[in-house]
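S.K.: In case it's useful when we look at the structure, here is the feature table from Swiss-Prot:
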- Gly70, Pro71, Ser72, Gly73, Cys74, Gly75, Lys76, Ser77: ATP binding site (BINDING)
- 1-16: compositional bias 'Acidic residues' (COMPBIAS)
- 38-278: domain 'ABC transporter' (DOMAIN)
- 1-35: region 'Disordered' (REGION)
Amino acid sequence: MSSDDTTDPTADDESFTDSPVAGLEQSTTTRGSGRTVISARNINVWYNETQALSDITMDIPEQEVTALIGPSGCGKSTFLRCINRMNDRIDACRIEGELELHGKNVYDEDVDPVALRRKVGMVFQKPNPFPKSIYDNVAYGLKIQGYDGDIDARVEEALRGAALWDEVNDQLDESGLELSGGQQQRLCIARAIAPDPEVVLMDEPTSALDPVAASKVEDLIDELVEDYTVVIVTHNMQQAARISDKTAVFLTGGELVEFDDTASVFENPSSERVENYITGKFG
């Protein structure tokens, strides 16, 4: 659902019938249950007196990839961090509205942010493995959460899920910091999925990687969505078109001006503002 916009972003315009990204490879996979897992209603966020998000309303579907795109400073990362309450750590941040995970407002007083983050994992822009062994990077969260299952088996499962096991299974005692950048990011993904969350948030996870490593992470995202709901922030239009099922377009002022199937957003943008952004005329 799009927020209000003076240009009426839901209006059809024949001038946008030609795809602004002609020839761009796009995801054609149909997946997901169709159920809503995350529901945002009238989310407004301020940092002190500066408003970062303005009246954001959207429903994120289960077991699909939802891409958040927009120019720098438009609030997409702020919205991502609302989902697992990472913004709680910023004293100057104030949030209004409701953000529900399976119908439960994550900002209710009885919600433990730590427990929430077990259900909503996160992968950051730059790989940030712990200064520990590869094994301990993945096992650490399980141990502090009191996981009573087979930790060795879960570590292997997470590393396989992150497409890393075959590369590191004979060096689990070595430091995660010794891995390549792309391997480190996949290690961070393994760490994020080890507690078996429902949602995986990714804040520009390939922006610090070379093209080959970035491609491996994209392939991995396509596999992860079989088990998890993925929400990814990206500045890369081609990446959003390739890997996502839904795309949300944020523009300056923290407005959500379009949220629709990715093919629709790129082939038939609903407003001139959106077309100008995705074709590189601004942003």
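A Cβ is built for glycine as well, from the same backbone N, Cα and C atoms used for every other residue.
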S.K.: Through the lens of DSSP with three states only, how would you label Ser72 (ATP binding site)?
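M.R.: In the DSSP reduction, Ser72 (ATP binding site) maps to coil.
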S.K.: Is it possible to get the count of other C-beta atoms within 10 angstroms of the C-beta of Ser77 (ATP binding site)?
M.R.: 22
S.K.: Give the mean pLDDT for the domain 'ABC transporter' (38-278) on the 0 to 100 scale.
M.R.: 96
S.K.: Around Cys74 (ATP binding site), how many other CB atoms lie within 10 A of its CB?
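M.R.: Taking all protein chains shown, Cys74 (ATP binding site) has 24 Cβ neighbours within 10 Å.
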S.K.: Provide the number of Cβ atoms within 10 Å of the Cβ of Gly70 (ATP binding site), excluding the reference atom itself.
M.R.: 26
S.K.: Can you give me the residues near the recorded ATP site, meaning same chain, not Gly70, Pro71, Ser72, Gly73, Cys74, Gly75, Lys76, Ser77 themselves, Cβ no more than 8 Å from the center of the site's Cβ atoms?
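M.R.: Neighbours found: Thr78, Phe250, Thr252, Gly254.
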S.K.: So for Lys76 (ATP binding site), how many other CB atoms are inside 10 Å of its CB?
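M.R.: Lys76 (ATP binding site): 28 neighbouring Cβ atoms within 10 Å.
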S.K.: Find, among the binding-site residues listed as Pro71, Gly73, Gly75, the one whose Cβ has the highest number of other Cβ atoms within 10 Å in the structure shown.
M.R.: Gly75
S.K.: Going by DSSP, is Ser77 (ATP binding site) part of a helix, a strand, or coil?
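M.R.: In the DSSP reduction, Ser77 (ATP binding site) maps to helix.
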S.K.: If I restrict to non-local contacts, at least six residues apart, and a C-beta distance under 8 angstroms, what lies near Ser72 (ATP binding site) in its own chain?
M.R.: His235
